[in-house]
């Protein structure tokens, strides 16, 4: 098979503090990793050749911004594999250090590829088999990470990381997700949230299930944090909530966070933080425009509907997915995002943005909103006239 190199277009970023570099892997595909640190440099938009996806070229935009944090703990990976004919993209949001993220950037991809039998499992369309393979891959990587942290990490290394992974093959995408990053999709301008937040607080069904699971494992929730400590309930690493739970309890007593009497009543029946992912299959029908993966440094400061609308507006203006990605990160910074921000946008290349009528995607929504408003006003007038 002739290996095609993606076309690289460079655009200079004058505001965002980030760094990224591409490199070719042994299979002739493309690998993208951001570098750590607070830098100003060029960013790269990748037009993956159609042979990688079997449909139309995917145009990738990405940025990873340190923002106002003292350290950069996020990471992103994009791999377009010409041999195995699928694309892989991942956003990692680290915490308590970056060592877990650095381990995951290579190991998770390799484990996923192995579990998917170098992509051949994707050909069969057996979602149950694909789901099982990806779950095993995540859990295997977590076990290896915990061993690595114990063998090579500092004794005080309590780092961990969320992960939101997207695999695209032909006209279908698979999302594997743990943590509080998020993936959303634009379908003719209508937003679809593809993932749930794995957080031990909130009133959503996912949050309630996470709280229940943590408590059944013997944990407890204080102010939306497991054991008063961590605000995500699924993540890689976080060794103190897995293989070193008893050490965590002892440390808490030594630091005066809880008493020995309290600890004596604790009986762990499982891990409070787990790396078992949610797996979703997403058909990429002709009306799917783009998919966004991003860390919570974006979503905590912008509604997903606003994010999709903003990206569409940007693409209508100039059609450049990389500039749209960088501009989106800047908006989050302008809204005082205090976290690292990492964003990947996969424009599926199906939309002629310059020919797309402005606000076309909002017509139905606006009509519904207008009808609702008129209805509420009418009811209000009726009630006022009859109650007065």
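Going from the start of the chain as shown, residues are counted 1 onward.
Backbone N, Cα and C atoms are what each Cβ position is placed from, and that goes for glycine too.
A helical conformation is recorded for residue 296 (Mn(2+) 2 binding site) in the three-state DSSP classification. The Mn(2+) 2 binding site annotation in Swiss-Prot covers 93, 296, 339 and is backed by experimental evidence.
With a 10 A radius on its CB, residue 94 (Mn(2+) 1 binding site) counts 26 other CB atoms from all the protein chains. Per Swiss-Prot, the feature Mn(2+) 1 binding site maps to 93, 94.
Annotated domain 'PPM-type phosphatase' per Swiss-Prot: 59-348, in sequence order, evidence recorded as sequence analysis.
Marked as transmembrane segment by Swiss-Prot on the basis of sequence analysis: 363-383.
The separation of residue 339 (Mn(2+) 2 binding site) from residue 94 (Mn(2+) 1 binding site), Cα to Cα, is 11 Å. Listed binding-site residues: 93, 296, 339. The one with the lowest count of other Cβ atoms within 10 Å of its Cβ is 339.
Over the domain 'PPM-type phosphatase' (59-348) the predicted model carries a mean pLDDT of 95. According to DSSP, residue 339 (Mn(2+) 2 binding site) is assigned to coil rather than to any helix or strand.
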